[in-house]
Amino acid sequence: MSHSKVAVIGSGNIGTDLVVKLKKLATNVEIAVLVGIDPSSDGLARARRMGIGTVDTGVQGLIEHAEFDEIDIIFDSTSAKAHLVNEEALRTFGKRLIDLTPAAVGPYVVPAVNLDDHLGAPNVNMVTCGGQATIPIVAAISSVTAVHYAEIVASIASKSAGPGTRSNIDEFTQTTSAAIEKVGGAAHGKAIIVLNPAEPPLIMRDTVLALVTDPDQNRIRQSVIDMVEKVSAYVPGYRLKQEVQFTQLDDAESVATLTGGVDKGPGLWKVAVFLEVEGAAHYLPAYAGNLDIMTSAALQVAERIAANTVQEATR
């Protein structure tokens with residue numbers, strides 16, 4: 001099967017890790033060009049050593065590149081504001097965009113949950129690292145019972161957070177909160193990110209808290225386990241930290257502002273799921289699971305889009 005050529009915009013932590021994954025793991029797509037704006041960046045230097053084409057003049061340089069016409073899919077790993085500019089510049093060329101920033105121009109995509117619904121979208125958004133880790137769990141719970149409120153806390157090593165991540169904190173919380181509702185299925189969602197300065201750096205940890213009514217604990221527990229297995233198929237370091245926990249709330253009134261005022265009486269429970277994500281250490285060390293889950297999910301999306309394009313063409 002012929003490979004779809006792809007380009008990556010952004011030569012920072014995420015973009016460089018994605019390039020390494022594309023080179024090592026991809027089966028349906030082929031990395032052609034890495035695009036940056038700093039000629040001396042480590043990412044561009046590494047790409048050149050790997051025999052990959054590079055551009056150091058941003059998206060305009062990509063458009064002018066000799067291989068641009070052959071490129072089918074473009075990953076954008078810059079920042080939310082930069083993606084808006086890049087998307088506008090690329091809009092008329094008919095390229096498929098996979099957005100790894102919180103810009104959310106296109107629909108939110110979490111591969112284990114809703115990728116099949118958006119294989120034909122011109123621009124898909126990968127939400128955030130915290131979203132990729134936790135939204136599958138919210139979706140697993142909401143597939144069993146109504147989730148009145150879901151809150152996620154993503155704790156990442158400070159050393160793994162580059163300038164793009166740091167400049168997008170507000171966008172991170174807004175985009176993740178919205179996707180918890182739209183993709184995860186929660187009635188109300190909230191996201192919190194913590195940059196942990198601990199030394200040595202700790203791997204990514206994620207907590208999912210959900211408020212539900214009279215839960216079938218066995219069904220929820222099994223649904224979560226099944227979802228973890230689905231995610232770990234493309235993010236091998238993704239795992240449950242401990243058993244799913246259930247706590248009955250004695251005073252449901254205290255959470256009425258979170259649940260939108262529903263189910264204030266007895267029967268309200270808190271479901272707690274604790275996760276950790278260890279990176280594959282393709283570019284950064286294993287503690288950077290937050291980068292690994294984003295790039296692994298994005299690679300999964302590109303592989304499926306490319307395969308689907310071939311299937312559609314042969315029908």
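Glycine is treated like the rest: Cβ placed from N, Cα and C.
Marked as NAD(+) binding site by Swiss-Prot: Ser11, Gly12, Asn13, Ile14, Ser160, Ala161, Gly162, Pro163, Gly164, Thr165, Arg166, Ser167, Asn168, Asn290. Residues annotated as active site, acyl-thioester intermediate in Swiss-Prot, with sequence analysis given as evidence: Cys129.
Projection of Swiss-Prot feature records onto the structure.
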residue	record	Cβ neighbours (10 Å)
Ser11	NAD(+) binding site	27
Asn13	NAD(+) binding site	25
Cys129	active site, acyl-thioester intermediate	30
Ser160	NAD(+) binding site	25
Gly162	NAD(+) binding site	18
Gly164	NAD(+) binding site	20
Arg166	NAD(+) binding site	12
Asn168	NAD(+) binding site	22
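Here NAD(+) is bound by Ser11, Gly12, Asn13, Ile14, Ser160, Ala161, Gly162, Pro163, Gly164, Thr165, Arg166, Ser167, Asn168, Asn290 per the record. The longest Cα to Cα distance in that group is 17 Å. Mapped onto three states, the DSSP output places Cys129 (active site, acyl-thioester intermediate) in helix. Rounded to the nearest whole angstrom, the C-alpha distance between Arg166 (NAD(+) binding site) and the residue listed as 'active site, acyl-thioester intermediate' is 13.
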